[in-house]
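Colleague: TrEMBL lists A:20-39, A:77-97, A:128-149, A:187-211 with the feature transmembrane segment. The domain 'Connexin N-terminal' annotation in TrEMBL covers A:42-75. What TrEMBL records for A:141-209 is domain 'Connexin cysteine-rich'. TrEMBL lists A:249-270 with the feature region 'Disordered'.
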Amino acid sequence: MDWKTLQALLSGVNKYSTAFGRIWLSVVFVFRVLVYVVAAERVWGDEQKDFDCNTKQPGCTNVCYDEFFPISNIRLWALQLIFVTCPSLLVILHVAYREERERRHRQKHGDQCSKLYDDTGKKHGGLWWTYLLSLVFKLLIEFLFLYLLHTLWYGFGMPRLVQCANVAPCPNTVDCYIARPTEKKLFTYFMVGASAVCIVLTFCEICYLIFHRVVRSLHRKGQRGGRGHAPSASRASTCRCHHKLLEAADPSPDSRDSKLCASAPTMTPI
Amino acid sequence: MDWGTLHTFVGGVNKHSTSIGKVWVTVLFVFRVMILVVAAQEVWGDEQEDFVCNTLQPGCRNVCYDHFFPVSHIRLWALQLIFVSTPALLVAMHVAYYRHEAARRFRRGETRSEFKDLEDIKRQKVRIEGSLWWTYTSSIFFRIVFEAAFMYVFYFLYNGYHLPWVLKCGIQPCPNLVDCFISRPTEKTVFTIFMISASVICMLLNVAELCYLLLKVCFRRSKRAQTQKAAPNHALKESKQNEMNELISEGGQNAITGFPS
């Protein structure tokens, strides 16, 4: 199980995403995951070994390291990347649920009956809300991790020297030197920058979705003013097959011919 | 997620590239990415461990290493390769958009004569013209800019491309001017020069590709202008001939039907 598995899982979301969503996924995998794997991980590789404190007191170095790095930056980024990509799985689950429902409907009513959904991947009805919610969760998770990073490490910087005071077993205020602080600061800024770009993209995508929906419903209202009842993309739960209507209504053979050209199934928009 | 995934991303764009573009991708992945992964990373693997300073003062080694190597060569090269490959994603997105539009027109029945089926749309090579030409040219321009920027950053950070075997460091907490020794300086210099040379070759290939694309457009435009100059004369001759034919045929008909002229 590694980043490739996550990438394979999320590549499926691309089909149901908007253009912003696809750009977001490329930014996440190229500028965040790839940079994390090929560069950033190695920078933090020797962080505890090369955390050097000006003392011979056994245990002082360990305790000071733990005081300043309760959780390593690199582990926090790994968690951030996993949590930020997970809401997209909600969309995949919803589409899979729709497909399963469509399959069961066909099994029950046969192939003659019209489909529940014109396109299970189209962002109409419940799927639109799921997609919007996934974007909102992504935004919240990004902000939460940026806040954590800012709080735990006193801003996004990385000092060369940290002073460890009043921490047993250190005998006095001890100077401790972090390994590669400039390189770590550079990668922290890079990852924060990439996170900011992803936040902007997610925000644009939310605006685009809402705007698109408003325009579509205004357009539909205009059409309805002219024509009357318009069909919807999802017709779940109230579809009734026309051959079952015939059977229920009139069993006599004489009236069958006149009813053969009967109606389409009744549809209720959801 | 590793260099292989980036290779898949960039390799997909290769189908629509020019020949020079294809050579560039090969040079990038064989002479830069592969060298970085199989050789350079091993050379720089022990860089801080074996960075030795002539002092027992705790923290002096860390501080001196940080002063002389604010960013490791290896990380800079990794970032350079990622940034230089990224503009190809612009082209990939444009091609994907073009195919999406073609598929939509095909489903509406507008372009049934051009493509046999949807699979044909996916398989067909997209020509570099129109708006795709601009996207492709911009991507090459950005590649050149990124290559030049990283080469300058290297030169600026390390005062040239040569690594000395001893460095003098007098930063706090070092008690005085301390000698610090880099591990494998000659090997590191050799690899630095190799990577810089590969970078220069890639830049030259990008410049050549840009010139080729510009020349192609100029040549195409001049050919079109020449065809248009010749075509109006030809069209004028044809229309005069048609008028004469009509007059002749009307005259003939009048003669047959006895219509008064």
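Using the three backbone atoms N, Cα and C, a Cβ is placed for every residue, glycine included.
In TrEMBL, annotation is done automatically, which means it is predicted and not curated.
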Colleague: Could you tell me the mean pLDDT over the domain 'Connexin N-terminal' (A:42-75), as a whole number?
Modeller: 85
Colleague: Could you pull out which residues elsewhere in the chain have a CB under 8 Å from any CB of the transmembrane segment (A:77-97), counting only those six or more residues past its ends?
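Modeller: Residues 6, 9-10, 12-13, 16-17, 25, 28, 32-33, 36, 40, 120-121, 126-127, 130-131, 133-135, 137-138, 141-142, 145, 191, 195, 198 contact the transmembrane segment (A:77-97) from elsewhere in the chain.
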Colleague: Count up the helix, strand and coil residues in the domain 'Connexin N-terminal' (A:42-75) according to DSSP, in that order.
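Modeller: For that range the per-state counts are 14 helix, 2 strand, 18 coil.
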